[in-house]
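Okay, so here's the structure we're looking at.
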Amino acid sequence: ASATTNTLLHPFDNVKIRQQARRTSLVDTINELLQDRGLQALLTGIVACFFSTLCYGIVIYPGFEVGKLWLSGQVGIEEAVKYRLLFVWCASSFAAAFACLVAIPWESAKIRIIAKPQYADNVFGVFARIIREEGVGTLYAGYIPYLLRTIVFTIVKFTVFDYFLDLAQYLFPSLPLSTNEASFQLSLVKGAVAGILA
């Protein structure tokens, strides 16, 4: 879902980057982009945006669950329950580290092609040129700041998601959590709240 949403909203990212670089009004920036390269200017980097978000999503959610299972296996279920918050934070950080590893090359390529549209014909050309001229390491430039930002975001998201039902039961003790319909509705709400707070 995030890959689709981010891809659909990607033209706004191009406008934002251009507006920040040129310090022009929103309308002037959009007109300038369209005059320079037409609709293609708004779509530059869209493939990298899609794959960055897709790779991130494929890794972050299973990574969180695997992280929790692995940590629980290391110390036992009782300790995992006793230190649940710490486990959520550790599993979130674990998942974020791996998700960032697969997403950052796409982010690097996206920024390069948006900043320098003539750099290559497409995102795969960007990868080839960066690797040929600067080495693979350049694709991971910015990994640490990206990781730090993502860890905070991920910790907040998964903490809210993991504790939401506890809070709902505490605030509304008569809430029927056992029915499929109530469970589904609460899952939707906790996902939305986690996304908003993160």
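Start at 1 and count along the chain as shown; that gives each residue its number.
Here the Cβ of each residue, glycine as well, is placed from N, Cα and C on the backbone.
Computed from a predicted structure; not experimentally measured.
The repeat 'Solcar' annotation in TrEMBL covers 1-70, 83-167. Look at TrEMBL and you will find 41-64, 84-106 tagged as transmembrane segment.
For the repeat 'Solcar' (83-167), the mean pLDDT of the prediction comes to 92.
Nonlocal intrachain contacts for the transmembrane segment (84-106), taken as residues 6+ away from its ends with a CB within less than 8 angstroms of a stretch CB, comprise 48-49, 51-53, 55-56, 58-61, 63-68, 70-72, 123, 127, 139-140, 142-143, 146-147, 150-151, 153-155, 157-159, 162-163. Counting residue by residue with DSSP, the repeat 'Solcar' (83-167) contains 74 helix, 0 strand, 11 coil.
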